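I have placed the structure first, in the form of structure tokens, so that the comments after it can refer back to it.
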Ligand code: UDP
């Protein structure tokens, strides 16, 4: 409901969830399963129905004003959105949809009502959880509202199956939200290994106007406090303070667009870089699509993922698939996405001085970098959208059957 699979990820509300939906829907369609994705219309120019890929339709539902509606205001449009979904189904023969998979709690509410009416299974993937997010807020970040917490609790209680990205997230659904363990399935996301594969880093650098011997540290993703791109800028300042000769070679590449509030806009990061005296080494690129994003990963020696929380962190997998090791905060799904000491490093703090040490330790030691780079490719290859899709389809089939034995029943 809050973002469309047709949007460019890496800015605003479009991120990993959009990629997840596009990748799994496309693969389901290739297996002969018709997929229809309902999303809120955000412009009067959008057609009622658009084809995302053969066998995948995107239905634009009118719910509230097209533009200028913030994410916080969307709960007020749930009724209108659900009405649009129910109307679309009513134009078909009864039993047209076999299952509903909702993504994020707002759509979870729509899935809850529509599946109750249609008598089909409801599978829900939260993607992020308010209680987890609120426990790891960046300084100055706004907590997620209570209405979201309540809405998530309702969706957890009402879904036939809940899909978690990692075992940690599965535990959070059970422990923080009271989900029945039997309804929680852990399915890791994937990575598009055709698009994200090792290539020629020198060519990638040349395309971006970067010197072959530059030390390139990249941040890729939505610019928001939770993702902490400022930690990389601060760490770069520490690196230069310790080794001024590095100034001629160091490049901090920030790829992505604004999202949320606070320090996230490129302007605020730019101001921070000026304040720290490192504006000359920081380069910004708007959200990248197609092969350009893979080239940006290849151009980097390291990709930094300093997030305060990350449900999974597709960027970490994509970088590794391109042969670029990742230095990531040890939060959320990142310990699954990154094999500590093998395909990258996991950091337990957000202290820029510690990040500077870790980044220098790898980026300035070619042998260490090469070793991690080779293993990064192997680690990423363990994840695939085809496997994610197979597991989702199996989950839809399971969700259509009654729960065999719940733990509660066994205990009795
Ligand atoms: N992304 C992109 N272009 C950009 C930056 C990011 O297409 O310039 C994509 C990236 O490929 C990844 C997604 O946005 O698949 C971000 O997903 P992630 O799980 O890392 O973070 P999220 O945005 O979901 O918090």
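Every residue gets a Cβ built from N, Cα and C, even glycine.
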Q: Given that TrEMBL annotates 8, 9, 16, 222, 227, 288, 310 as UDP-N-acetyl-alpha-D-glucosamine-binding, name the residue from 238, 318 that shares the site.
A: 318
Q) Among 128, 186, 324, 348, which residue does TrEMBL annotate as binding 1D-myo-inositol 3-phosphate together with 2, 13, 14, 15, 16, 17, 18, 71, 104, 148? A) 128
Q) What three-state class does DSSP give residue 14 (1D-myo-inositol 3-phosphate binding site)? A) strand
Q) Whose Cβ lies within 8 Å of the mean position of the Cβ atoms of 297, 298, 300, 324, the Mg(2+) site, other than those residues? A) 201, 204, 218, 294, 296, 299, 301, 303, 319, 322, 323
Q. In terms of DSSP three-state secondary structure, what is the assignment for residue 288 (UDP-N-acetyl-alpha-D-glucosamine binding site)?
A. coil
(Q) Nearest of the binding-site residues to residue 318 (UDP-N-acetyl-alpha-D-glucosamine binding site) by CA-CA distance, picking from 2, 298, 300? (A) 298
Q. Can you tell which of the binding-site residues 8, 227, 288, 298, 310 lies nearest to residue 14 (1D-myo-inositol 3-phosphate binding site) in space, using Cα positions?
A. 8
(Q) Just to be sure I understand: of 222, 288, 298, 324, which binding-site residues have a C-alpha no more than 10 angstroms from the C-alpha of residue 18 (1D-myo-inositol 3-phosphate binding site)? (A) none
Q.
Rounded to a whole angstrom, what is the C-alpha distance between residue 288 (UDP-N-acetyl-alpha-D-glucosamine binding site) and residue 297 (Mg(2+) binding site)?
A. 11
